[in-house]
Amino acid sequence: VLSAADKSNVKACWGKIGSHAGDYGTEALERTFCSFPTTKTYFPHFDLSHGSAQVKAHGQKVADALTQAVAHIDDLPNALSALSDLHAYKLRVDPVNFKFLSHCLLVTLACHHPAEFTPAVHASLDKFFSAVSTVLTSKYR
């Protein structure tokens, strides 16, 4: 459960990301593909090379979904319902992959914003990404 402080930390951090969200989403995806190669199996039709237009486009989708989640942080299930349906029923993404991507998002954000990435912000973002992952996998059951 996200506390008021967690929500504040997430909103403040995401506000500083601003126009870089798509770039960070792309970088996190690339990190995920490199660190967890099995995640590539969900993208057989993609050019997965560094700087690929397809990876950039999907990185932007990830960033847009997270921006939507931040904007509706008090109602994640409704905000992410359509995305949850897509991943559970159509794409059938293994839930562990959300954990992998979450980890790579944390690494990416820490690399780009080391001064702001305090232990409290790290914990808040980790809880937020976990909450998003929980919602995205909630329809698997």
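Any Cβ shown, glycine's included, is placed from N, Cα and C.
What Swiss-Prot says about this one:
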DOMAIN    1-141  domain 'Globin'
MOD_RES   SER3  phosphoserine
MOD_RES   LYS7  N6-succinyllysine
MOD_RES   LYS11  N6-succinyllysine
MOD_RES   LYS16  N6-acetyllysine
MOD_RES   LYS16  N6-succinyllysine
MOD_RES   TYR24  phosphotyrosine
MOD_RES   SER35  phosphoserine
MOD_RES   LYS40  N6-succinyllysine
MOD_RES   SER49  phosphoserine
BINDING   HIS58  O2 binding site
BINDING   HIS87  heme b binding site
MOD_RES   SER102  phosphoserine
MOD_RES   THR108  phosphothreonine
MOD_RES   SER124  phosphoserine
MOD_RES   THR134  phosphothreonine
MOD_RES   THR137  phosphothreonine
MOD_RES   SER138  phosphoserine
Could you state the CA-to-CA distance between LYS7 (N6-succinyllysine) and SER49 (phosphoserine) to the nearest Å?
35
The residue listed as 'O2 binding site' - helix vs strand vs coil (DSSP):
helix
Helix, strand or coil by DSSP: which one applies to SER49 (phosphoserine)?
coil
For SER102 (phosphoserine), which DSSP three-state class applies?
helix
Quick one: Cα separation, SER102 (phosphoserine) versus SER138 (phosphoserine), in Å?
16
Set of same-chain residues at least 6 away whose C-beta sits under 8 angstroms from LYS16 (N6-acetyllysine):
HIS113, GLU116
